[in-house]
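Undergrad: Below you will find the structure I want to go over with you.
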Amino acid sequence: MKNNSIAVIGAGKWGQALHFALSQKQKVLITSRTKKEIENFVDLKTALECKYLIIAIPAQEIRNWLKENFVFNGQKILVASKGIEASSGKFLNEIYADFVPKKNIGFISGPSFATEVKQGLPCALVINSSSEKLFEQFSPFFPNFIKTYYSSDVIGAEVAGAYKNVLAIASGICEGLNLGKNAQASLIARGLVEMERFGKFFGAKKSTFLGLSGAGDLFLTANSTMSRNYRVGLGLASNKNIEDILKELGEVAEGIKTAEAIYNLSLQHNVYTPIANEVKHILDGKNPKDSLKDLLKH
Ligand SMILES: NC(=O)c1ccc[n+]([C@@H]2O[C@H](COP(=O)([O-])OP(=O)(O)OC[C@H]3O[C@@H](n4cnc5c(N)ncnc54)[C@H](O)[C@@H]3O)[C@@H](O)[C@H]2O)c1
Ligand SMILES: O=P(O)(O)OC[C@H](O)CO
C-alpha cells in the first residue's frame with residue numbers, strides 16, 4: 001500500500017465532484033462499476049490497494065457492495081453517502097462496523113451540492129469520526145476552496161445528513177403546492193426540531209443539528225431545485241408517480257428510502273416524527289393535501 005495513495009470509489013455525481021476537488025492537490029484514482037472516461041480511472045482492485053479511500057455509492061447499495069467487493073487491509077476510509085438502510089433500519093456506521101474498525105473510518109457531512117464543488121466554489125464540510133487522527137490525515141487532501149471541520153458525533157452527522165433528504169422532499173412538495181414561504185419556513189424549522197429529536201434518541205449531540213451537518217445541509221437542500229430530493233417533492237406535488245419522477249431524475253434521491261427507514265425506526269422506538277411520516281405516506285400514495293391537513297391538526 002503506497003503512502004498517501006488515495007482513491008474515490010463510485011463515479012456518480014458526488015464521487016466525481018470529490019475526485020475533482022481532491023485532485024487539485026495530488027493524484028487521486030477513481031473507480032466505478034462501469035468504466036468512465038475520467039482521468040486516473042482505474043479498476044476496483046487497484047483502487048482498493050490505496051491507503052485512503054472515499055466511498056460515494058448510494059446508502060441502500062453499501063451492504064451488498066461491501067459484502068461482494070470489499071477487502072479490508074488497513075485502509076482509512078471516508079464515507080460520502082447520506083442515508084439510512086431501509087431494509088434493516090441500520091445507520092451506515094453500523095453497516096461499515098462489520099467490515100472496518102471504528103478508528104479507520106469517518107463520515108463526510110455538511111452542505112455540498114456536487115455541481116458547485118465541481119466548479120471549485122467555496123464550501124465547508126465536516127469529517128465525523130471517533131478518531132481525530134483520521135480527520136488530521138484526510139483534511140490535508142482537501143483543496144483550499146473547501147474548509148474541513150472535525151466532529152466526533154458520527155451518529156448526529158449521519159442522522160442529519162439522512163434526515164434532511166426526507167425534509168427536502170417535504171419542502172419540494174410545499175413549494176409545488178404553492179403553500180407559501182411562511183409554510184415552507186415553518187416546515188423547515190419544525191423539520192430541524194424533528195431531526196434533532198430523532199437523533200437525540202440515538203445518542204446524537206444537539207449542537208450537531210445547529211451546525212453545518214444539520215441546519216447547514218437542511219437549509220441548502222430544502223431550498224433549492226439543485227437538490228434531487230427537493231425535485232422529487234416537486235414531482236409528487238404535481239401528482240407524478242414515483243417511477244416517472246425517478247426516471248426523469250436519473251440519479252439517486254436518498255430521501256425516498258430514508259423516509260421508509262425513519263418511519264419504521266420511529267414506530268419501533270416510539271419517536272415522534274410527523275413530517276417524515278407524512279413523506280413516507282405520500283410516497284405510498286397519500287394525497288399531499290391530506291398530509292397537509294394532518295400536519296396542521298392541533
Ligand atoms: N450529489 C451530491 O450533491 C451529493 C452531495 C453529498 C452527498 N451525496 C451522497 O452521495 C451518495 C452518492 O450520490 P451521487 O450524487 O453520487 O449519486 P449518483 O446517482 O450520481 O451516483 C451514484 C453512483 O453509485 C454507483 N452505484 C450505484 N449502485 C451501486 C452498486 N450496487 N455498487 C457500486 N456502485 C453503485 C453508480 O454507478 C453511480 O456511480 C448519496 O448517498 C448522496 O446522498 C451526494
Ligand atoms: O441533491 P440531493 O438532494 O441528494 O442533496 C445533495 C447533498 O446532500 C447536499 O448537501
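Glycine is treated like the rest: Cβ placed from N, Cα and C.
Taken from TrEMBL, the feature active site, proton acceptor applies to K164. Among the features that TrEMBL reports, NAD(+) binding site is placed at G10, A11, G12, K13, W14, G15, A114, R228. Summarising the annotation, TrEMBL assigns NADPH binding site to W14, R33, K82, A114, R228, V252, E254. Residues or ranges marked as substrate binding site by TrEMBL: K82, R228, N229. Among the features that TrEMBL reports, sn-glycerol 3-phosphate binding site is placed at K82, G110, S112, K164, D217, S227, R228, N229. Feature annotation from TrEMBL assigns domain 'Glycerol-3-phosphate dehydrogenase NAD-dependent N-terminal' to 34-133. The domain 'Glycerol-3-phosphate dehydrogenase NAD-dependent C-terminal' annotation in TrEMBL covers 153-288.
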Undergrad: Specify the nearest of the recorded positions A11, K13, G15, K164 to G110 (sn-glycerol 3-phosphate binding site), where nearness means the distance between Cα atoms.
TA: K164
Undergrad: Just how many other Cβ atoms lie inside 10 Å of the Cβ on N229 (substrate binding site)?
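TA: Taking every protein chain into account, the count is 27.
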Undergrad: How long is the line from the C-alpha of G15 (NAD(+) binding site) to the C-alpha of D217 (sn-glycerol 3-phosphate binding site), rounded to the nearest angstrom?
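TA: Rounded to the nearest whole number, the Cα-Cα distance is 18 Å.
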Undergrad: If we count other C-beta atoms within 10 Å, could you say which of the binding-site residues G10, G12, G15, G110 has the fewest?
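TA: Checked G10, G12, G15, G110; of these binding-site residues, fewest Cβ neighbours within 10 Å: G12.
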Undergrad: Taking the Cα atoms as reference points, how far is E254 (NADPH binding site) from N229 (substrate binding site) in Å?
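TA: Rounded to the nearest whole number, the Cα-Cα distance is 7 Å.
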Undergrad: What recorded positions among G10, G12, K13, A114, K164, V252 have a C-beta sitting less than 6 Å from any atom of ligand 2?
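TA: If the test is a Cβ under 6 Å from any atom of ligand 2, the answer is none.
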Undergrad: In angstrom units, rounded to an integer, how far apart are the Cα atoms of S227 (sn-glycerol 3-phosphate binding site) and K13 (NAD(+) binding site)?
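TA: About 12 Å separate the Cα atoms of these two residues.
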Undergrad: Could you tell me how many residues in the domain 'Glycerol-3-phosphate dehydrogenase NAD-dependent C-terminal' (153-288) are helical, how many are strand and how many are coil under DSSP?
TA: 103 helix, 0 strand, 33 coil
Undergrad: Could you give the Cα-Cα distance between N229 (substrate binding site) and A11 (NAD(+) binding site), in whole Å?
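TA: Between the Cα atoms of N229 (substrate binding site) and A11 (NAD(+) binding site), the distance comes to 19 Å.
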Undergrad: In the domain 'Glycerol-3-phosphate dehydrogenase NAD-dependent N-terminal' (34-133), how many residues does DSSP call helix, how many strand, and how many coil?
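TA: Computed counts for the domain 'Glycerol-3-phosphate dehydrogenase NAD-dependent N-terminal' (34-133) are 32 helix, 22 strand, 46 coil.
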Undergrad: What Cα-Cα separation, expressed in whole Å, is found between G10 (NAD(+) binding site) and R33 (NADPH binding site)?
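TA: So the alpha carbons of G10 (NAD(+) binding site) and R33 (NADPH binding site) sit roughly 7 Å from each other.
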Undergrad: If you count Cβ atoms within 10 Å of the Cβ of the residue listed as 'active site, proton acceptor', leaving out that atom itself, what do you get?
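TA: Cβ-Cβ neighbours of the residue listed as 'active site, proton acceptor' within 10 Å number 34.
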Undergrad: With the Cβ under 6 Å from ligand 1 as the test, give me the qualifying entries from the recorded positions K164, D217, S227, R228, N229.
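TA: Checked recorded positions vs ligand 1; nothing flagged, none.
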Undergrad: Given that the record lists K82, G110, S112, K164, D217, S227, R228, N229 as binding sn-glycerol 3-phosphate, what is the largest C-alpha to C-alpha distance among them, in Å?
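TA: The span, Cα to Cα at its widest, is 16 Å.
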